[in-house]
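Engineer: Just lifted these from TrEMBL, have a look:
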- 1-214: domain 'TLC' (DOMAIN)
- 48-70: transmembrane segment (TRANSMEM)
- 116-137: transmembrane segment (TRANSMEM)
- 157-175: transmembrane segment (TRANSMEM)
- 187-206: transmembrane segment (TRANSMEM)
Amino acid sequence: RAASAALVGGSVAIFGGLRRAALALPRPDAVRSRPGRAWRWRNLLVSFAHSVLAGLWALFSVSGHLLVCFSSGYFIHDSLDIIFSHQSRSSWEYLVHHAMAISAFVSLIITGRFLVAAMLLLLVEVSNIFLTVRMLLKMSNVPSPALYEANKYVNLVMYFVFRLAPQSYLTWYFLRYVEVQGQGAFLTANLLLLDAMILMYFSRLLRSDFFPSLRKGSAGRDVDGEKFLID
């Protein structure tokens, strides 16, 4: 357990270093001219780094225990970044998601059970690569609509393949085969709550990118005040 705690702590430190490195990177004019976007831009860059590393890690099935420790460190770091940057109000859904992920991953680290399920669930990070690119493009007001359009359709496919499909399979598996007590009950409840969040985010994504006429009250809204997945 001490070794696992050290791995999680090391991961927190790695993402802290990435956050500081992101401060030195150039920012698009649309971000520099809007102070409220600076934190969001930096936060998304760190999220992108985690998605690439964890997504490829899960895809190639390399050590589930190390991957869970690595991603736990990211979720802890991101939660602290949101809280200490005074972004809790606009990002409360992310704090809820991260609390669920951290508590579930800690239980896996302690018991050593369901690590394969965690790796399957973390395939979602492959989808998050394109979701994060989408948000970065929107924030930077990229002048090439073709790039956004191409990513929009790739993002939709990846959402189905790496987010909805693994989540649906895991939910079915846990409801059918995992004991509804102790850790099994706790993880099943987490999965069901995550199902609801994923479907909510998916409906937002469809309205924003494919059915903009269905968006309610979006006229004149500022991205600085939006939750990440509404805009």
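Indices start at 1 and increase along the chain as displayed.
Any Cβ shown, glycine's included, is placed from N, Cα and C.
Worth saying up front: this structure is predicted, and the values here are computed from it rather than measured.
How about a rundown of where these features are and what they're close to?
Structural biologist: Across all of the domain 'TLC' (1-214), the predicted model scores a mean pLDDT of 94.
Sequence-distant contacts of the transmembrane segment (187-206) (same chain, six or more residues past either end, CB-CB distance under 8 Å): 93, 96-97, 100, 103-104, 107, 114, 117, 131, 155-156, 159, 163-164, 167, 170-171, 174-175, 178, 180, 229-230.
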Engineer: Within the same chain, where does the transmembrane segment (48-70) have neighbours whose Cβ lies under 8 angstroms from its own Cβ atoms, ignoring anything closer than 6 residues to its ends? I mean 6 or more beyond.
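Structural biologist: Tertiary neighbours of the transmembrane segment (48-70) are 4, 7-8, 11, 15, 18, 105, 108-109, 112, 115-116, 118-120, 122-123, 125-129, 132-133, 136, 162.
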Engineer: Could you pull out which residues elsewhere in the chain have a CB under 8 Å from any CB of the transmembrane segment (157-175), counting only those six or more residues past its ends?
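Structural biologist: Same-chain contacts beyond the flanks: 55, 117, 120-121, 123-127, 129-131, 184, 187-188, 191-192, 194-195, 198, 202, 205.
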